[in-house]
Amino acid sequence: MGTEQAAGVEISEPLLLETEADRKIRVVDSDEQEEEEIIPEWKEQITIRGLVVSALLGALFCIITHKLNLTVGIIPSLNVAAGLLGFFFVKSWTGFLSKLGFHVKPFTRQENTVIQTCVVACYGLAFSGGFGSYLLSMDEKTYKLIGEDYPGNRAEDVKNPGLLWMIGFIFVVSFLGLFSLVPLRKVMVLDYKLTYPSGTATAMLINSFHTNTGAELARKQVNCLGKYLSISFIWSCFKWFFSGIGDSCGFDNFPSLGLTLFNNTFYFDFSPTYVGCGLICPHIVNCSVLLGAIISWGFLWPFISQRAGDWYPADLGSNDFKGLYGYKVFIAISLILGDGIYNLIKIIAITIKEICRNSTNDQNIPVIKEVADSDSSKLLVEQRKRDEVFLKDRIPFWFAASGYVALAAISTATMPMIFPPLKWYLVLCSYIIAPALAFCNSYGTGLTDWSLASTYGKIGLFIIASLVGSNGGVLAGLAACGVMMSIVSTAADLMQDFKTGYLTLSSAKSMFVSQLVGTAMGCIIAPLTFWMYWSAFDIGTPDSPYKAPYAVIYREMAILGVEGFSELPKHCLAICSGFFVAALAINLLRDLTPKKVSQFIPIPMAMAVPFYIGAYFAIDMFVGTVILFVWERINRKDAEDYAGAVASGLICGDGIWTIPSAILSIFRINPPICMYFKPSSS
């Protein structure tokens with residue numbers, strides 16, 4: 001949702017249109033110094049060193065994404081870190097070889113853009129691949145957690161994670177989205193002039209790296225990132241020594257706000273990752289998460305727990321869906337669905353309105369006018385050069401169409417082998433309507449910077465689960481969710497990358513190929529890094545640090561699609577309906593009120609996350625947002641320049657520690673000390 005922008009750097013490009021033979025443009029940096037930049041051919045933009053760096057960073061960000069997915073389910077944008085680290089690694093490598101006397105190829109912003117695209121495509125599959133949501137909700141642990149006697153929860157609808165079938169599944173569903181909208185790249189980027197805010201911000205960042213002042217700022221940002229990465233890694237290592245055996249020891253269970261609040265999950269757990277998320281996420285997101293924690297764990301759950309014996313049997317376990325646990329999950333689902341459905345309808349309405357306006361507006365095709373103003377002339381020449389580069393390396397329509405048809409045929413034949421309840425004709429129908437949904441999501445992302453891939457996935461989940469029914473509907477619905485989510489997510493990512501490539505004068509063909517390569521990397525790296533977590537840690541247990549909150553939520557959604565609402569606890573449906581309507585009303589209020597008011601209205605989707613997980617990470621994220629708020633008041637420019645680097649360092653350092661931690665766990669090497677707290681009276 002938010003965007004990061006490079007501050008303090010101006011980029012302006014060609015002053016004179018050069019001949020095609022030269023294929024040169026002029027770049028003027030913020031010091032008004034001119035230098036010539038040769039735009040490399042699309043094949044030269046994709047380099048071996050770039051792919052190696054992309055694989056390394058893709059693996060790191062997959063590890064980080066899995067950790068966030070399996071703990072709280074909130075994943076901030078790591079695009080700034082990807083661009084910054086890609087720039088740092090290649091610059092360091094070329095500088096090192098130059099000092100040894102080797103001739104090295106210059107590092108261009110086009111190569112930087114290719115690395116960025118490849119890394120984002122790779123770690124994007126750690127999210128859209130469903131390793132913390134729909135795939136994990138198929139496993140036996142989630143099935144038993146919901147209850148073996150729970151209506152609609154059948155043992156036949158269980159499929160435990162397996163490395164080979166997960167890699168196969170990711171391969172057959174992840175590439176279709178890349179082919180679905182390629183023919184519309186000119187329409188989306190040039191004709192409709194969609195902004196794609198995150199793609200534009202990424203382009204600004206990459207452009208700034210390749211100016212004199214931008215390179216100096218990038219060097220300082222890398223030093224800052226490295227400093228906080230080291231601090232975070234050392235702190236995570238230090239915490240491990242006190243975490244003991246089990247899940248009740250160490251700084252992760254430190255009652256920093258007192259034991260009473262600790263029992264209601266209100267405590268600061270000293271997590272660099274969540275503090276880093278708080279620094280990256282907008283203030284309103286962090287405050288919404290904290291408000292959701294206060295409403296749920298401060299008031300609602302204590303209120304409902306006092307009705308034990310009346311609303312639900314008092315002797316139920318803490319993870320029984322017929323008790324308090326059921327209220328937690330279903331109320332969180334109602335908020336998520338309310339927010340998702342509202343934004344889906346809103347963005348479809350905006351999309352239809354904009355398409356209709358563009359189709360009747362004479363300005364939907366760029367018109368070149370003679371202008372006397374020198375600045376306007378310069379901007380016009382820049383746009384002409386960007387258009388020329390963007391349209392030069394065409395991707396044939398027949399290639400995109402035949403690729404989509406071939407991949408759809410392979411997937412239609414393969415999916416029923418992996419998930420027998422999902423019949424081939426249901427997969428085929430999904431692929432027939434998927435391009436239309438991918439267009440809606442990509443267009444909406446271009447307008448609002450909000451991808452609703454998970455919402456489209458949930459819609460597919462409900463429809464297929466209800467069509468298949470009680471005989472395999474849960475498994476079929478979850479698999480269909482993955483099909484739909486993968487297509488609309490990768491299609492939106494590709495259009496975002498086309499926008500970035502357009503603004504950095506990168507070839508559209510190199511963007512497409514780097515997306516293909518990054519997706520292929522992700523199909524291998526994302527399952528492998530998930531398997532590291534699965535082998536080393538207790539995944540999916542409610543009392544574990546890796547509780548995988550969305551696994552239970554997605555399975556319950558599939559059961560609801562099959563069984564309906566008949567088995568909810570007492571008054572649960574009424575409360576859920578209230579929160580569903582509240583989510584719609586809050587979103588409507590955010591859109592109807594002036595910006596100076598709406599910026600203080602909470603976001604229901606963010607409020608929903610702590611309802612099920614707990615309040616501890618909300619405290620951490622709020623600490624991050626307070627640090628950023630104070631920093632902005634003291635020195636706004638420094639905060640804009642370095643907050644992203646500090647946050648990325650905190651997240652990456654904690655993520656890197658996961659690797660030695662997993663190795664220690666696999667070899668059954670336990671922390672030597674268990675630090676825990678209890679009342680002095682006991």
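Glycine is treated like the rest: Cβ placed from N, Cα and C.
Just so you know, TrEMBL annotations are computer predictions that nobody has curated.
Taken straight from TrEMBL:
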TRANSMEM  46-66  transmembrane segment
TRANSMEM  72-93  transmembrane segment
TRANSMEM  114-136  transmembrane segment
TRANSMEM  163-184  transmembrane segment
TRANSMEM  284-304  transmembrane segment
TRANSMEM  324-345  transmembrane segment
TRANSMEM  395-418  transmembrane segment
TRANSMEM  424-443  transmembrane segment
TRANSMEM  474-495  transmembrane segment
TRANSMEM  516-534  transmembrane segment
TRANSMEM  568-589  transmembrane segment
TRANSMEM  609-631  transmembrane segment
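Contact between the transmembrane segment (46-66) and the transmembrane segment (324-345) does not hold: fewer than three of their C-beta pairs are under 8 Å, each pair 6 or more apart in sequence. The listed stretches are 284-304, 324-345, 395-418, 568-589, 609-631; of these, 395-418 has the most Cβ pairs under 8 Å to the transmembrane segment (163-184).
The transmembrane segment (474-495) is in contact with the transmembrane segment (114-136), judged by 3+ CB-CB distances under 8 Å for residue pairs 6 or more apart in sequence. Long-range contacts of the transmembrane segment (395-418) within its own chain (CB-CB distance under 8 A, at least 6 residues past either end) are made by residues 165, 168-169, 172-173, 175-176, 179-180, 182-183, 185, 424, 427-428, 431, 435, 479, 483, 508-509, 512.
Listed stretches 72-93, 284-304, 324-345 were compared with the transmembrane segment (609-631); the greatest number of C-beta pairs under 8 angstroms is found for 284-304. In this chain, the transmembrane segment (516-534) lies apart from the transmembrane segment (72-93): fewer than three C-beta pairs between them fall below 8 angstroms, excluding pairs fewer than 6 positions apart. At the 8 Å Cβ threshold, with sequence separation of at least 6, the transmembrane segment (114-136) comes into contact with the transmembrane segment (72-93) through 3 or more pairs.
For the transmembrane segment (72-93), the list of distant contacts is 2-4, 49-50, 53-54, 56-57, 61, 64-65, 107, 111-112, 115-116, 119-120, 123, 127, 132-133, 198, 201-202, 205-206, 209, 218, 221-222, 225, 274, 276-277, 280-281, 289, 549-550, 606, 609, 613, 617, 644-645, 647-648, 651-652: same-chain residues at least six beyond its ends, Cβ to Cβ under 8 Å. Remote same-chain partners of the transmembrane segment (324-345), defined as residues 6 or more beyond its termini with a Cβ less than 8 Å from a stretch Cβ, comprise 292, 296, 300-301, 304-305, 308, 312, 316, 318, 450, 452, 454-456, 458-459, 542, 552-553, 556-557, 560, 568-569, 572, 575-577, 579-584, 587-588, 603-605, 607-609, 611-612.
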